[in-house]
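A quick write-up on the structure given underneath.
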Amino acid sequence: MEKVSFKEKLAFGFGDVGCNFVWTTVSAFLTLYYTDSVGLSAAVVGTIMLVTRLLDGVTDLCFGTILDRTHTKWGKARPWILWSTPMMAIGLILLFHVPMGLENTGKIIYAALTYVFVAAFAYTASNLSYNALLSLMTDDQQTRASASTIRFICTMLTAITISSVTIPLVGKFGWGTTSVIYALLSVAAFMITFFGTKERYVPSKTDEEGTKNGSVVEGFLTLFKNRYFISITLLFVITYLIQGAGSGIGVYFARDILGDANIYGLISVASMIPMIIALPLFPIMTGKIGKWKCMMGGLVLQFIGAVIVLLGASNLTVVLFGLAIKAVGVAPNTAGLFAIVADAIDYGEWKTGVRQDGLTNSATSFGMKVGTGLGSALVGWGLAFGQYDASLAVQSESALRVIKFLYAGLPILGLVLAMIFLGFSNIDKIHPQIERDLNQRRGK
């Protein structure tokens, strides 16, 4: 088995740098841009985001079948990374260039169309192919765990940077110029991934013929024979619902509950630095106790941290302490989530004889997009329900209660559900047998 070098793992990790210059920017700041700069109502913004994410989930599933049928000299996933990256960069720029001369209806239509283009098409092709890349680079469980760890260290460093510098950059250059800078950085990062990685796993001729000749319906029927993909998809929904709501409401929480929008960078650091410190321990711990136990322990830590944040939501020191504990717990789940998708792909091939990298990743990506959409929609609808008014320097008590709940209360409820879904996703016990059987079939 050909080894995957640290250099290649790092090149793989840069793909999430590219993703986050788009995804973190949109998740954390687009609602704020729409409500405070463009003048759209929070309820309209929430509805746009939810409807788009549901459409996005459908396009994920469609693109998954396309990815499974892609065969080029560059492989399956890498060509789509190359082709979709420029579209995603252009889309990010368009999102933050709403023509201010338009009437309100025109602004809503422009916002909806550009958001659909980015979320349901450009980002779908880019992120889904990137997520599928790991299972095509290696079939070794530990290599996947270490590559996922490097990936999410890159993710956190990028997210910290974006969270810390965006408000100052916008203050100096405006939303439009900031979006251009981020778009160019995203393209550069994705090119490092494209040129720096290699797809090693080539499915057998029988698998390829089964994937090509089977109908889309047959592909989904085969997918539903994979018991793990359903529970993992639900885990993606709740994980990204929590993350989507937290990202969307974070600036409001910093400004309206803690008293200063610039604190958002500080609370982002508190949410990520402990995670970055803890992430390198993930491959070590998975080698000792397995991914599933690491992830379940992480959910318990997140729950404890979320309770601390809720109880001390108006005290910055308590909030930072709770976020730090929560961040340590996020580490194994951040790295483990995509690693168990690769394991579920192996299980599906072992169980059915058909390998479905694209379709399985599209199903979990569907969960990610729906979760993020619901989280973003809850932010918009919650602000509208709490009668948030962008023109007010001090928000009403009802708006402040909603902001506090979305940032500190919602994660507690979500984490309980996440523990339940993870309980049905333990593939660690049988994966060694799966790996042996698949290697035997492949003649390794």
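Keep in mind that glycine also has a Cβ here, set from the backbone N, Cα and C atoms.
If you check TrEMBL, you get these features:
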type	residues	note
TRANSMEM	12-34	transmembrane segment
TRANSMEM	40-59	transmembrane segment
TRANSMEM	80-102	transmembrane segment
TRANSMEM	108-128	transmembrane segment
TRANSMEM	149-167	transmembrane segment
TRANSMEM	173-195	transmembrane segment
TRANSMEM	228-255	transmembrane segment
TRANSMEM	261-282	transmembrane segment
TRANSMEM	294-313	transmembrane segment
TRANSMEM	319-345	transmembrane segment
TRANSMEM	366-385	transmembrane segment
TRANSMEM	405-424	transmembrane segment
At a C-beta cut-off of under 8 Å, are there same-chain residues at least 6 beyond the transmembrane segment (405-424) that contact it? List them, or none.
231-232, 234-235, 238-239, 241-242, 245-246, 248-250, 252-253, 257, 292, 295-296, 299-300, 302-303, 306-307, 309-310, 313, 326, 333, 378-379, 382
Going through 12-34, 108-128, 149-167, 294-313, 366-385 one by one, which has the most CB pairs that fall under 8 Å from the transmembrane segment (173-195)?
12-34
For the transmembrane segment (12-34) and the transmembrane segment (228-255), check the count of CB pairs under 8 Å (sequence separation 6 or more) and say whether it reaches 3 or more.
yes
Any contact, the transmembrane segment (319-345) to the transmembrane segment (80-102), with at least 3 Cβ pairs under 8 A:
no
Which residues of the same chain, at least 6 past either end of the transmembrane segment (261-282), have a Cβ under 8 Å from a Cβ in it?
145, 148-149, 152-153, 156-157, 159-160, 163-165, 167-168, 250-251, 253-255, 294, 316, 319-320, 323-328, 330-332, 334-336
So which residues does the transmembrane segment (228-255) touch in its own chain, when a touch means Cβ under 8 Å and the partner is 6 or more beyond its ends?
24, 27-29, 31-32, 163, 167, 261-264, 267-268, 333, 337, 340-341, 343-344, 347-348, 360, 363-376, 378-380, 382-383, 388, 403-404, 406-408, 410-411, 414-415, 417-418, 421-422, 424-425, 427
So if I exclude everything within five residues of the ends of the transmembrane segment (366-385), which remaining residues of that chain have a CB under 8 angstroms from its CBs? That is, six or more out.
27, 31, 35, 41-47, 49-50, 52-54, 56-58, 60-61, 119, 124, 232-249, 252, 398-399, 402-403, 405-406, 410
